[in-house]
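> Quick paste of what Swiss-Prot says about this protein:
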- R76, Y216, G217, G218, S267, N381, S382, R383: substrate binding site (BINDING)
- K225, H245, D292: Mn(2+) binding site (BINDING)
- A268, C269, G270, K271, T272, N273, R383, R414, F508, S509, E510, N511: GTP binding site (BINDING)
- C269: active site (ACT_SITE)
Amino acid sequence: MTSAWSNEIQHEGLKQWIQEVAELVTPEDIRVCNGSDSEYAEVYSIMQKSGVAIPLNSDLHPNCFLVRSSPEDVARVEKFTFICTAKKEEAGPTNNWRDPQEMRQELQGLFRGCMRGRTLYVVPFCMGPLNSPFSLIGVELTDSPYVVCSMKIMTRMGAEVLKSLGTSGTFHKCLHSVGVPLSPGEKDVAWPCNPEHMRIVHFQDDSSVMSFGSGYGGNALLGKKCVALRLASYIARSKNWLAEHMLIIGVTNPEGQKKYFAASFPSACGKTNLAMLKPKIPGWKIECIGDDIAWIRPGSDGRLYAVNPEYGFFGVAPGTSEKTNPNALATCRSNSIFTNVALTPDGDVWWEGLTSQPPAGLIDWRGNPWQPGGTPAAHPNSRFTTPLQQCPVLDSQWNSSEGVPLEAIIFGGRRSDTIPLVYEALSWQHGVTIGASMSSATTAAIVGEQGKLRHDPFAMLPFCGYNMALYFDHWLSFASNASLKLPKIYGVNWFRKDKDGNFIWPGFSENLRVLEWIFRRTNGEESIAKRTPIGYLPEESSLNLEGLNLSSQALQDLLAVDVPGWLKEVADVREYCKIFGSDLPQIISDELFRIERELK
């Protein structure tokens, strides 16, 4: 192994770590990534030669390729995702905890020799704008070319980051391997992975990540969920900021007044659709800062400011269409990676929901000829990885080092009953209780059962890097700082169904009508809302429903306070919160009691 790579690195601590890792994992070669387009093309051609990357029709999707993963490696694996803290209580009841010393020993065993016959890529990345006080720098060491190409799209990656790191800057150590060493002369498989031994491990003592056995998205692109949420949420608590699973949008009304909102939904509940919403109501404009992660800090003026630490979108493909999200389709037209979607005979991509009828002659996500009526042609959690800057409705402040001031925070989930279309929290404490009470029908973004209701507080259940009860407490602490001008908090639910099981609300671009009401509320319009035990609900006449074919009964159903339903909801949340024991903040118990008392 030559040491030519070490000449490219001025940071002694980084050099030493790479050397230590190389001695453990014994790669054939080491390559420091510079993030250039030519490097991307070269690494992509390696993937093409190995058979994992299929170039798409360059007239339809220039500089795009399709990747098929192993059927055993298609989503985040929560049961193999661990948080290591000195004490189990620090990780809390919602995380898989392991003792850091024991886990390090176990991982040493797994990583020993795991990159034999492969290249170790050094991937320096920055979450957040370079040189922003918000940002965190990481270095991912990986043996996956797919990770290298994806990290170029999803993060600010390469030589600029190394330059910013200097000779002594702080960085997060992120070690990743697909976990499949190659013997001399052994032919590689298209998508190497090691499902028996998958581990995605977060060490909070030194803010590092080690991931083994999976090459898929959130398990392997360690800047995303691992650093930007699981590590960052832990860091944020001690430094008085928030790392959240939220989209960020700019909303401009016909008068030209602009406000920024953040919104939190569990995976596959429409974050990307809302982040890129195309308004049908004349004069309104929605612009996107991010669709998945928000880092939020108090600014010098007391308002909360948000940045998107990411540089790309990693969107769920199925259901994305010209009707549901034309801006997403425009974004991933070029320079994008498609994973586990179907392939058409003319070299284009397809997935369920893209068109009403599937084209003939599809090859499915497993690489087999596909016939309608059987299993889906595209995997339900198939993805597009695409640059942020290609979004046609990208907000001008997308790269602001200070972030944008939030005027509303929105919590939502996939609920067929009880939860109304929109309601406003009576206070910050009530708003935190709304976030803590979130539950949603599960989707394909996680391995396991789909369609059952699971509690997902703040949509952070899989991503909070410490005890969630202490996380609630951290949110509540913002109210005790009198100098802060906190945003209003809202609950929304696009997914209410009628007795025949049909969605009552049309959703998608029509969700702007709800954002319009929220916008007016943040302007202090009192007469458009009425106080109820569960929050301020819209007066029926205050929602702009012009051009919508919505019956008065449907509107009543969407805005009703279902007393028996809510009493059951409160009881259910209270039961769930028992897992936190005495760590649960008293304020949340008090809010639940208040809602119950007022309902009765």
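Just so you know, glycine gets a Cβ as well, placed from its N, Cα and C.
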> Cα-Cα separation of H245 (Mn(2+) binding site) and S382 (substrate binding site), in Å?
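Taking the Cα atoms only, H245 (Mn(2+) binding site) lies 20 Å from S382 (substrate binding site).
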> Relative to the Cβ position of N381 (substrate binding site), how many further Cβ atoms are located within 10 Å?
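Excluding its own Cβ, N381 (substrate binding site) sees 22 Cβ atoms within 10 Å.
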> Take the C-alpha atoms of G270 (GTP binding site) and D292 (Mn(2+) binding site) and report the distance between them in angstrom, rounded.
10
> Highest CB neighbour count within 10 A among the binding-site residues R76, K225, H245, R383?
R383
> List the same-chain residues at least 6 positions away in sequence whose Cβ sits under 8 Å from the Cβ of G218 (substrate binding site), in sequence order, or say none.
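Counting only residues 6 or more apart in sequence, the Cβ neighbours of G218 (substrate binding site) under 8 Å are R76, K224, K225, C226, F314.
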> What subset of the binding-site residues A268, D292, F508 lies within 10 angstroms of N381 (substrate binding site), using C-alpha positions?
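So the list reads A268.
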> In whole Å, could you give the widest CA to CA gap in the GTP site formed by A268, C269, G270, K271, T272, N273, R383, R414, F508, S509, E510, N511?
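Roughly 25 Å, rounded to the nearest whole number.
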> Near T272 (GTP binding site), which residues of its own chain have a C-beta under 8 A away, given they sit six or more steps off in sequence?
L247, D291, D292, F313, G315, V316, T320, N325, A328
> Measure from the Cα of C269 (active site) to the Cα of every one of the binding-site residues Y216, F508, E510, then give the nearest.
F508
> For the binding-site residues listed here, D292, E510, which shows the highest count of neighbouring CB atoms within 10 A?
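That would be D292, with the most Cβ atoms nearby.
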> Select the closest residue to E510 (GTP binding site) from the following binding-site residues, measuring between CA atoms: Y216, G217, R383.
R383
> Y216, F508: which of these binding-site residues has the sparsest Cβ neighbourhood within 10 Å?
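Each of the binding-site residues Y216, F508 was scored by Cβ atoms within 10 Å; lowest is F508.
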> DSSP three-state call for R383 (substrate binding site): helix, strand or coil?
strand
> Hey, of the recorded positions listed (A268, C269), which one tops the CB count within 10 A?
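In terms of Cβ crowding, the pick is C269.
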> How many other Cβ atoms are found within 10 Å of the Cβ atom of S382 (substrate binding site), counting all protein chains shown?
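The answer is 26.
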> Near the Mn(2+) site, what residues other than K225, H245, D292 in the same chain have a C-beta no further than 8 Å from the centroid of the listed C-beta atoms?
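Same chain, not in K225, H245, D292, Cβ within 8 Å: G218, K224, A228, L229, S267, I293, F463.
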> Would you mind listing, in sequence order, the residues at least six apart from G217 (substrate binding site) in the same chain with a Cβ closer than 8 Å to its Cβ?
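Expected: A75, R76, S150, K224, F314, T339, R383.
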